[in-house]
Amino acid sequence: MVLDTILPKAVLTGLAGIGAFIVAGKVISYIQLLLSLFVLSGKNLRTYGKKGTWAVVTGASDGLGKEYAIQLAQKGFNIVLVSRTESKLQTLASEIQTKYAGSNIQTKILAMDFAANRDEDYAKLKALVDGLDVGILVNNVGQSHSIPVPFIQTPKEEMRDIITINCMGTLRVTQIVAPGMVQRKRGLILTMGSFGGWLPTPLLATYSGSKAFLQQWSTSLGGELKGTGVDVELVLSYLVTTAMSKIRRTSMFIPNPRTFVKTTLAKVGRSGGAQKMAYTSTPFWGHALMQWWLENTLGVGGSFVVDQNKGMHQSIRTRALKKAERDAKKA
């Protein structure tokens, strides 16, 4: 070979060894991914409390939050439902109590507008959960942009609401609930993350930044609470068929809320596709395979990936604006 005449045999052997080491690392990583997704089970939720222990779910009236509440009730947890619309909370509470009447599942509700960030609302939440044996907190409350929008055109109110709801709301609720968990030496804090925070996302810059903040905060909190008996996990997801995503059809990469939540609760403590992030899980297999492929091929923050992400959201914005224009003409 030509290389034999240019490079010493020892150098070629060394390069071959490095290549084999890299390939072996990728193979092992992929095997670990498959085991985490399809073979190994997650932590038993009974670890966080016996039947009748409470779970607090924010953003509980629709989508993923509603599904978390229903499935946790099915597993024997009493549920504290927190969201903005009281009528929806009352309907869900009645649905849960009727559906699981034989299990004596209890519910409590609190209607609060997280965008308002009112001290009195958080005082009510504290009064509601004080004295309850809360074993699980699901930080699901969140808001995105109405449609993809350039940052410099983002309405100030929308920008403020996203940061206040996604960041301050999550932090303040956790600060109320977590001390009791630490005192009881058991608990699970699940926070909903997003691929929008993992991948830099042009035209969703404020939302992307808020979810990236939650990633760093949750991982830091996990490090702080290690050894206390309280588990912290940020759950990464790509698209799910919810009102926020405005997607109705499921696919290999887009589950419905029921499937996504069922997988998440079954895989607590398993990293799934989030192999390079402590205290983080990407539990749904379609999302996890996508994450692994990107991290091991194109990378996450490179210009090519960012440009592709921008193109996708520019297309979504264009279609949304055309639809709004058509609807305006019909009105």
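Heads up, residue numbers simply count up from 1 along the chain you see.
Every residue, even glycine, has its Cβ placed from backbone N, Cα and C.
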Q: Going by Swiss-Prot, Val56, Asp113, Asn140, Tyr207, Lys211, Val240, Thr242 bind NADP(+); tell me which of Asp119, Asp121, Asp133 is listed for that site too.
A: Asp121
Q. List, in sequence order, the same-chain residues at least six positions removed whose CB sits under 8 Å from that of Val240 (NADP(+) binding site)?
A. Gly63, Leu64, Ile247, Ile254, Pro255, Asn256, Pro257, Phe260
Q: State the Cα to Cα distance, in Å, between Tyr207 (active site, proton donor) and Asp113 (NADP(+) binding site), rounded to an integer.
A: 18
Q: Count the other Cβ atoms sitting within 10 Å of the Cβ of Tyr207 (active site, proton donor), across every protein chain shown.
A: 26
Q. Distance between Asp113 (NADP(+) binding site) and Lys211 (active site, lowers pKa of active site Tyr) at the Cα atoms, whole Å?
A. 19
Q: Can you figure out which of Val56, Asp121, Thr242 (the binding-site residues) comes closest in space to Lys211 (active site, lowers pKa of active site Tyr), comparing Cα atoms?
A: Thr242
(Q) The record lists Val56, Asp113, Asp121, Asn140, Tyr207, Lys211, Val240, Thr242 as binding NADP(+). What's the largest Cα to Cα distance among them, in Å, rounded to a whole number? (A) 29
Q) What are the non-local neighbours of Val56 (NADP(+) binding site), defined as same-chain residues 6+ apart in sequence with CB under 8 A from its CB? A) Ile79, Val80, Val82, Val129, Val134, Ile136, Leu137, Val138, Val173, Val177
